[in-house]
Amino acid sequence: MQITAGFWSFKTLAAAVELGLFAALRDGRCLGRAEVAAELDIPDRPADMLLAACASLGLLRRERDGFANSALAEDLLVPGRRRYFGDFVLYADRREYPAWLGAAEALRTDRAQTWNPDEQESGYAVEDTMMTDLFWNAMHSLSSSTAEALGDVVNLGSHRRLLDIGGGSGAYSLELCRRNPGLTATVYELPHVCEQTAARIAEASLEHRVDTMPGDFRGLAAALPVGYDLLLLSMVLHCFDETACRDLLRKCRQAIEPGGTIMICELLLNEDRSGPRLAALMGMNMVVESQGGRNYSELDYRTWLLDAGFGDVEVVRFHGAGANGVVVGRAGALP
């Protein structure tokens with residue numbers, strides 16, 4: 001029953017974010033049912049049920065005079081907070097949830113349900129600015145907290161130049177540079193994404209250490225920039241099939257400085273492909289969302305890195321919203 005009714009929990013969360021419930025209760029505010037109904041402009045009965053449901057999910061705490069945000073909601077669901085996760089909730093609600101209605105069709109046909117591969121080059125048309133902005137805001141929400149978790153388990157003190165391949169909003173570059181004063185970073189992304197990334201970098205006041213470089217790593221002829229001793233592929237490779245992943249890792253091996261390090265940060269499947277749940281379900285999401293994307297195991301990435309010419313491969317596990325481990329490889333001198 002919990003699996004069948006799982007969407008009740010998600011849609012309750014999504015509705016609360018959309019209506020502004022957690023913003024209304026920010027900074028310790030405690031409101032009764034009638035006050036919440038008035039602030040959210042909803043009737044009394046729905047307000048009663050929304051408050052009860054959010055409290056049952058641990059998103060609100062019950063006070064004598066009403067309801068207040070839980071610590072979790074105050075940290076992650078109040079707009080403007082550094083780790084705000086609401087953009088990802090809204091993205092999942094507006095793009096992914098409708099697409100999952102076609103999950104069986106995606107499984108039957110092996111075709112994405114969020115876009116038409118026969119007519120579009122990718123799932124995100126540049127001209128659809130509303131959805132594109134929503135996607136990158138969502139990815140920033142997801143990546144920011146995951147970058148913190150990654151930063152807790154890797155020691156980058158000996159590295160100087162990071163190439164953040166497909167780095168999106170720059171969340172990883174920003175977090176890793178904050179933690180490592182000797183590190184500079186370049187976010188390598190599509191031109192229209194770099195514009196948004198530059199704004200995030202300026203907002204963080206790290207323009208002197210983090211920059212952007214427009215480019216596209218897809219395609220056999222597309223070489224990666226050189227001169228970097230640390231390469232990061234975070235939540236990138238699950239978007240592609242094995243052939244494309246191997247091709248990109250070969251490009252990484254050609255581009256990286258001798259003695260450099262590559263990091264692959266992903267939700268890793270178990271070797272027997274029985275879980276963990278979030279990694280397995282993320283793989284299902286890639287069936288719905290992508291052409292060829294899937295989640296891979298630690299063994300997959302280890303094999304591909306070794307085949308590409310990397311050595312000393314190890315896996316460091318951690319708990320993050322968008323990843324549960326990082327696969328690390330090191331590059332000797334090219335033959």
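Glycine too: its Cβ is placed from the backbone N, Cα and C atoms.
Within the same chain, residues at least 6 positions away in sequence whose Cβ sits under 8 Å from that of His238 (active site, proton acceptor) are Glu266, Leu267, Met282, Gly283, Met286, Gly293, Arg294, Asn295, Tyr296. Mapped onto three states, the DSSP output places His238 (active site, proton acceptor) in helix. Marked as active site, proton acceptor by TrEMBL: His238.
Residues annotated as domain 'O-methyltransferase dimerisation' in TrEMBL: 1-78. Residues of the domain 'O-methyltransferase dimerisation' (1-78) grouped by DSSP class, helix first, strand second and coil last, total 48 helix, 9 strand, 21 coil.
Residues annotated as domain 'O-methyltransferase C-terminal' in TrEMBL: 123-310. In the predicted structure, the domain 'O-methyltransferase C-terminal' (123-310) carries a mean pLDDT of 93.
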